[in-house]
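What follows is a short report on a single structure.
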Amino acid sequence: MNKNYKDTLLMPSTDFEMKANLATKESKIQQKWLDDQIYQLRLEKNQNNEQKILHDGPPYANGDIHVGHTMNKILKDVIVRRWLMQGYYSPFILGWDTHGLPIEHAVQSKLGQKEFFKLSVLERIEVCRDFAFNQVQKQKEQFSSLGLVTDFKVCYHTYDKQYEIDQLKVFAKMINEGLVYQDYKPIYWSWSSKSVLSDAEIEYKETKSPSIYVTFKTLDNEVIGKDVNLVIWTTTPWTLPSNLAISVHPELEYTLFEVNGQKYLVGSNLYEQLIAKFNFENPKVIQKLKGSSLDKIKYQHCLYDQITGIVVLGEHVSDSDGTGLVHTAPGFGLEDFIVCKKYGIDAYVPINDEGCFDQTVHDPELVGVFYDDANKLIAQKLEARNCLLSLNFINHQAAHDWRTKKPVIYRATKQWFINIKSIKNQLVENINTVKYPNERYAKRMLSMVAERSDWCISRQRTWGLPIPIIFDENHEPILDKELIDNTLRIMEAEGIKAWYEHDAKYFLTNKYDPRKTYYKESDILDVWFDSGTSFNVLKENGIKDKATIYFEGSDQYRGWFNSSMICATVLNKTAPYKELISHGFTLDEKGMKMSKSQGNVISPLTIIKNKGADILRLWAASIDYSNDHRIGNHIIEQNSEIYRKIRNSLFRYILGNLNDFDFKPLDQYQLSLADLLTINHVNKSFKKIDQAYLNYDYLEITKEVNQMVVELSAWYFELIKDSLYCNDENDPTRKAIQATLNYIFINSLFRIAPILVHTAEEAYSHYQATNKEKSVYLIDPPALFEIKTDLDLDQLATEFSKLKDDVYAEIEKLRKDKVLAKSNEAVVYLSKQYLDINKHLVKQLKTWLNVAEVHFTKNDQITVEKTDFSKCLRCWNYFKELSKNNNEVCQRCSELV
């Protein structure tokens with residue numbers, strides 16, 4: 001007869017394409033979300049439900065988004081989508097950090113520095129605002145290509161008027177609580193930025209520095225006598241012209257010794273080590289004494305005869321390295337500054353904003369010399385004066401400006417500070433209320449607060465929020481609540497520009513004499529203060545509770561996590577977030593930091609253009625984000641392969657086999673044992689995925705999804721093809737299989753949708769169920785099917801899996817030897833170990849193994865041979881006898897053709 005039986009089969013049919021074409025489709029899907037207002041509809045649907053809020057930490061509004069940005073935003077989007085799909089009210093409000101030096105520098109580069117500074121302050125602010133606005137618009141467009149579940153019209157920017165006013169109200173509260181003060185003390189100074197820097201704006205890089213040992217001779221005293229060489233060690237020779245004291249620890253022991261007619265003093269614990277270092281021969285110990293006995297001994301400066309200093313007592317001194325005596329320049333070190341303050345010694349700072357020695361230095365040869373260049377000249381002078389014992393060079397980690405990448409110095413300047421010490425206990429208490437992934441994160445947050453000094457909040461820049469403080473005629477700040485409140489009222493009514501448009505008297509209240517002279521502060525607030533008050537945005541958008549979670553890079557423990565905690569503790573007496581998680585940094589495929597100079601920068605926009613955002617999203621969900629992680633062409637290709645499995649082996653396979661399904665509830669079908677085993681198996685996967693979502697463990701989710709697809713494809717999806725394609729359309733077994741597939745589809749789709757957002761929407765659009773929602777993102781969570789059976793499905797699955805693996809191993813040998821083309825040609829003789837196999841499996845084995853025959857034997861080994869049965873030309877299975885009515889097909893197929 002040789003009929004074409006293919007036309008009689010119920011083959012899969014769906015318009016859901018095998019080839020994704022994501023780069024083409026994604027923008028259309030995004031536009032449909034906008035047109036249908038899917039995000040707004042979901043929020044409306046959930047509006048009376050419990051709130052869960054992820055507060056978006058604002059990225060800096062400068063330049064194209066990079067792969068680190070995209071990883072961060074994708075994972076945040078996954079969190080929020082999952083919450084929304086579970087029914088929580090979870091608006092996702094994106095933010096941008098828009099003030100600060102990088103924008104100022106970018107505008108200066110664009111206009112030219114001379115032209116920039118020809119502008120008035122208000123004009124400079126306006127051009128910076130315009131630049132920031134354009135950068136935000138560009139980044140919004142780029143972020144939108146990721147398919148984020150947000151409204152880009154409802155965002156926050158730190159230059160927004162209401163944002164700025166809310167920020168100033170936090171500052172005013174700090175003033176009213178006595179936390180704000182002005183002081184002159186050393187802090188990080190960036191000569192390349194001409195501004196102070198916060199701890200969060202510092203990065204450490206390996207640097208080569210001089211390591212020198214220098215002597216200062218004592219003046220006449222009754223403790224150790226005249227002309228004793230006090231030995232100090234320093235890696236900053238350029239600070240020696242500013243030396244005003246030498247610190248010793250009051251409790252440490254010091255050794256006075258003599259070599260070649262010269263007397264020296266060093267810490268006793270370092271004596272032997274230093275003798276060897278300086279190649280001193282036959283030293284003679286004269287005396288050992290406590291540091292406290294050296295207090296206020298005077299000495300001659302190592303460089304200048306007209307300058308003297310004194311020995312001071314400091315608890316910061318150590319005898320683990322150096323000499324046990326510490327060169328002390330209060331203008332260039334915080335500990336130096338603190339110890340000298342106790343002795344009434346003021347800071348001396350002969351270095352200007354550009355990092356060069358100014359006219360106040362005691363040495364005319366140093367005037368105008370850059371501090372780092374002065375090291376060589378100073379070393380030469382020390383050697384000429386016989387004050388240089390040793391000079392070497394060492395590599396060590398030194399502080400650098402994170403934006404300009406140039407070294408920074410500690411330098412005393414007059415700045416505004418927040419007194420952290422007085423609120424540390426409250427900070428620790430609030431930090432301990434936060435939930436962390438593990439104790440390591442909690443300790444990290446606590447250590448940042450424990451180690452934190454007072455927060456310097458003033459910056460010498462233009463583009464930012466002004467510090468609204470007025471000074472009296474003596475240049476003393478007026479920290480008066482009534483005056484501060486009045487200033488804020490004016491700025492709220494007229495805008496921040498009022499601070500620059502009016503003189504100081506405009507802001508005075510009636511109690512101040514307008515005939516006197518007043519001054520305005522010209523500094524602006526630290527940008528970390530800007531972003532640190534962003535929690536106010538939630539209240540402005542009708543969110544009553546604090547954020548559920550903050551999720552940013554691990555560098556934010558000393559940055560945004562920290563500044564937010566401080567600001568919220570002052571304003572609300574509570575932490576700004578309930579949970580805190582962080583991620584590492586994105587490296588290239590070799591584990592190297594990306595940089596333009598290395599040529600290893602991977603653009604997320606290129607990946608989106610070539611592969612699609614869903615591939616990038618899958619990558620972000622498949623990394624261990626808690627640590628540094630990698631990306632590269634090979635890694636993206638691996639994720640593309642996993643994506644293809646999910647798209648085709650799961651979504652497309654199922655959709656193709658649901659084209660004639662009736663979509664009734666699962667319990668209305670006669671589910672087979674294979675169906676039940678499969679439902680039981682996928683339920684385990686779904687529960688693991690649900691738990692992983694609770695733990696923010698997306699790597700576990702992608703692993704579980706991939707494993708589930710592999711396992712379904714390896715057995716159940718192969719097993720059911722015969723019934724799906726060859727049985728009657730309305731056959732109960734076939735309908736039960738379709739019901740099982742439908743169950744797997746909607747539950748898988750629901751769980752994969754927060755990650756593969758465009759693909760999930762596309763798949764849902766081809767899903768033919770009745771009473772569908774407009775979007776997959778509007779569906780309710782599907783309930784897990786509760787299997788009611790007395791059978792131990794787990795045990796059955798384990799038993800069958802073991803048997804299947806053993807049988808397939810033997811079949812594979814014959815396939816390699818070309819004896820078998822397919823497994824359904826095999827006759828299987830089971831070994832004696834399977835004689836006691838579960839009775840429920842016995843009658844299923846031929847079908848479940850997809851073989852021609854199964855025989856039980858008492859043999860020691862499983863054996864396989866090729867069947868001599870006849871092949872049905874319709875279903876391609878092998879039978880001892882074909883249909884009597886049609887000897888080309890089996891009995892079942894004969895009845896259907």
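Quick reminder: no glycine exception, Cβ is built from N, Cα and C everywhere.
Residue ranges 28-32, 593-597, 863-867 are listed, and Swiss-Prot annotates 593-597 among them as motif ''KMSKS' region'. Cross-referencing 59-69, 279-289, 323-333, 422-432 with Swiss-Prot places the feature motif ''HIGH' region' at 59-69. Note on proximity: among LYS596, CYS872, CYS875, CYS890, CYS893, the binding-site residues of the record, the Cα nearest GLU552 (L-isoleucyl-5'-AMP binding site) is that of LYS596. DSSP assignment over the motif ''HIGH' region' (59-69) gives 3 helix, 1 strand, 7 coil.
What surrounds the Zn(2+) site, by Cβ distance within 8 Å of the Cβ centroid and not counting CYS872, CYS875, CYS890, CYS893, is the set CYS726, LEU873, ARG874, TRP876, ASN877, PHE879, LEU882, VAL889, GLN891, ARG892, SER894 from the same chain. Spacing of CYS872 (Zn(2+) binding site) relative to LYS596 (ATP binding site) is 63 Å (Cα to Cα, whole number). Under the three-state DSSP scheme, CYS893 (Zn(2+) binding site) falls in the helix class. When the motif ''KMSKS' region' (593-597) is classified with DSSP, helix, strand and coil residues number 0 helix, 1 strand, 4 coil.
Listed in sequence order, TYR5, THR8, CYS726, CYS872, ARG874, CYS875, SER883 are the same-chain residues six or more apart from CYS893 (Zn(2+) binding site) with CB atoms under 8 A from its CB. Within the same chain, the residues at least 6 positions away from CYS890 (Zn(2+) binding site) whose Cβ sits under 8 Å from its Cβ are CYS872, ARG874, CYS875, ASN877, PHE879, LEU882, SER883, listed in sequence order. In the three-state DSSP scheme, GLU552 (L-isoleucyl-5'-AMP binding site) is classed as strand.
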